[in-house]
Amino acid sequence: MPIDGNGFELGGYTRPDSTQFNELPAHVWPTTARRRSNDEENPGSVEIGGVSLVDIAKEFGTPVFVVDEQDFRSRCRSMAKAFRGAENVHYASKAFLSKTIARWVMEEGLHLDVASGNEMAIALAAGFPAKDMTFHGNNKSTAELRDAISAGVGKIVLDSRSELRRLSQVAAEAGVVQDVLVRVKPGVEAHTHEFIATAHEDQKFGFSLASGSALEAANLVEEDDNLRLIGLHCHIGSQIVDSDGFILAAERVFSLVERLVERHGTEISKHFNTLDLGGGFGIAYTAGEQPLDVAPLADEILTAVDKLAQRIGIETPTVAVEPGRAIVGPSMVTVYEVGTLKDVTIDEGMTRRYVSVDGGMSDNIRPALYGSNYDGRVVNREVSGSRIPTRVVGKHCESGDILINDANYPDDIVEGDLFALAATGAYCYAMASRYNMLTRPPVVSVCDGQVTQILRRETVQDLLSLECETPR
Ligand code: LLP
């Protein structure tokens, strides 16, 4: 039986049983999510962090992002355990960043990956120590490099020859020796969507291992008085659920370490001590998927790196990683309100119900951009209708504004219901737009029965405040 985008069996859309639809798959939803059987006003409604999503919708309106603080923190801790130290885990702030998130990351002892001057500025405003940040990007401006150096950013990941030259100059002007890693593209084809695979040759990131340009860049840094080569970096892609690519990348990157040791001697390992393997650990978006099991992968990587280091007689470098999605992705949900419903004939005798919600591609572009699937549930009550083919869509002016493309949902979802998508923590708010002049939703955190707004909803005044008076 084929499985739909939400892990349900397709093929019998009149099946009366919808108990499955009321379940919240534990590997997809935040760990504290559960249905409230004893809620008198809203029996069967969902709570996260002890707070009812119905109450959150009443207080903050919809759409609203809800992040489970306990879930977020526990993912930080498991990642730190897997990689033998919180400082070896650099949370990729591009997945989702706010001052509160930066503070949680800091309190958990993790370091931070920033990929723009503004990500750095938000983290600094939260009091995140610059020395614990790694600065990324394929096209960092000289101004960003200057800001990073004057803030005292710990590590800068070099991505091009031009940047190498400019960074050396900026460091010299500031009178500092800057720690850097060289980003290598190891030529690994990651099994993921083309747009988020980043280690093959024909893409914009890093120095090629195969062509020798990575070795050339590393040698240049090693010989530069203003820069100190502390390691190599690679990131094979994102939302990867099998471990082979990571191991292969580690081995390939290590072949470059070998070349460096041949040229500069084992002495180099006095300062050359980091192998940063980037992020990319995949999560489960729907009931039928399984997340990448990071702990055994970490063991495998660490053992492999240890062996490789012994073989060439250097100290084992620290293995660092940069997970974004695997930390924040499953911690967050988006709650929408259901609006219009429309039954559309799609084939002879077949109809599809279009369930519209009050957000869409402006708060979650991922289905439209990558064809991503999501797990959606009614969260203000339990539903019990027969299954019918359903598509969940947003309110934007284009038909590609789809959140859940093809599901078999109960037919008693009605206007006014609250409908939530799970695992929306990574790259949803972060990639939000203001299409159709919709304003970005608020983000609230929940923990131990308390709700705290961490980002407010944008207002039309925010939009108007960007307008400049122009001469008539
Ligand atoms: N490190 C580097 C250098 C990266 O480029 C990225 C992601 C990460 C770490 C974090 O990867 P993660 O652990 O979150 O997979 N917008 C896409 C994902 C783009 C990822 C960009 N780089 C999406 O929505 O799937």
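Yeah, the Cβs are placed from backbone N, Cα and C, and that goes for glycine too.
Positions annotated as region 'Disordered' by TrEMBL: 1-21.
The domain 'Orn/DAP/Arg decarboxylase 2 N-terminal' annotation in TrEMBL covers 71-328. Summarised as a single figure, the pLDDT of the domain 'Orn/DAP/Arg decarboxylase 2 N-terminal' (71-328) averages 94.
According to its DSSP assignment, Lys94 (N6-(pyridoxal phosphate)lysine) is coil. Here TrEMBL flags Lys94 as N6-(pyridoxal phosphate)lysine.
Annotation source TrEMBL lists pyridoxal 5'-phosphate binding site at Gly280, Glu322, Pro323, Gly324, Arg325, Tyr427. Secondary structure from DSSP puts Gly324 (pyridoxal 5'-phosphate binding site) in coil.
Sequence annotations record features per position, and here TrEMBL assigns substrate binding site to Arg325, Arg366, Tyr370, Glu398, Tyr427. For Glu398 (substrate binding site), the Cβ neighbour count at a 10 Å cut-off comes to 13, with all displayed protein chains included.
Counting only residues at least six positions away in the same chain, the Cβ atoms of Asn436 sit under 8 Å from the Cβ of Cys397 (active site, proton donor). The active site, proton donor feature in TrEMBL is assigned to Cys397.
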Determine the minimum-neighbour residue: among Tyr370, Tyr427, listed as binding-site residues, which Cβ has the fewest other Cβ atoms within 10 angstroms?
Tyr370
Cβ-centroid neighbourhood (8 Å) of the pyridoxal 5'-phosphate site, Gly280, Glu322, Pro323, Gly324, Arg325, Tyr427 excluded:
Ala92, Lys94, Ala95, Ser238, Gly279, Phe281, Ala326, Ile327, Gly329, Ala426
To the nearest Å, how far is the Cα of Tyr370 (substrate binding site) from the Cα of Tyr427 (pyridoxal 5'-phosphate binding site)?
12
Where does Arg366 (substrate binding site) sit by DSSP, helix, strand or coil?
helix
Site extent for substrate (largest Cα pair distance over Arg325, Arg366, Tyr370, Glu398, Tyr427, Å):
28
Listed recorded positions are Lys94, Arg366, Glu398; which of them have CA atoms within 10 A of the CA of Tyr427 (pyridoxal 5'-phosphate binding site)?
Lys94, Arg366
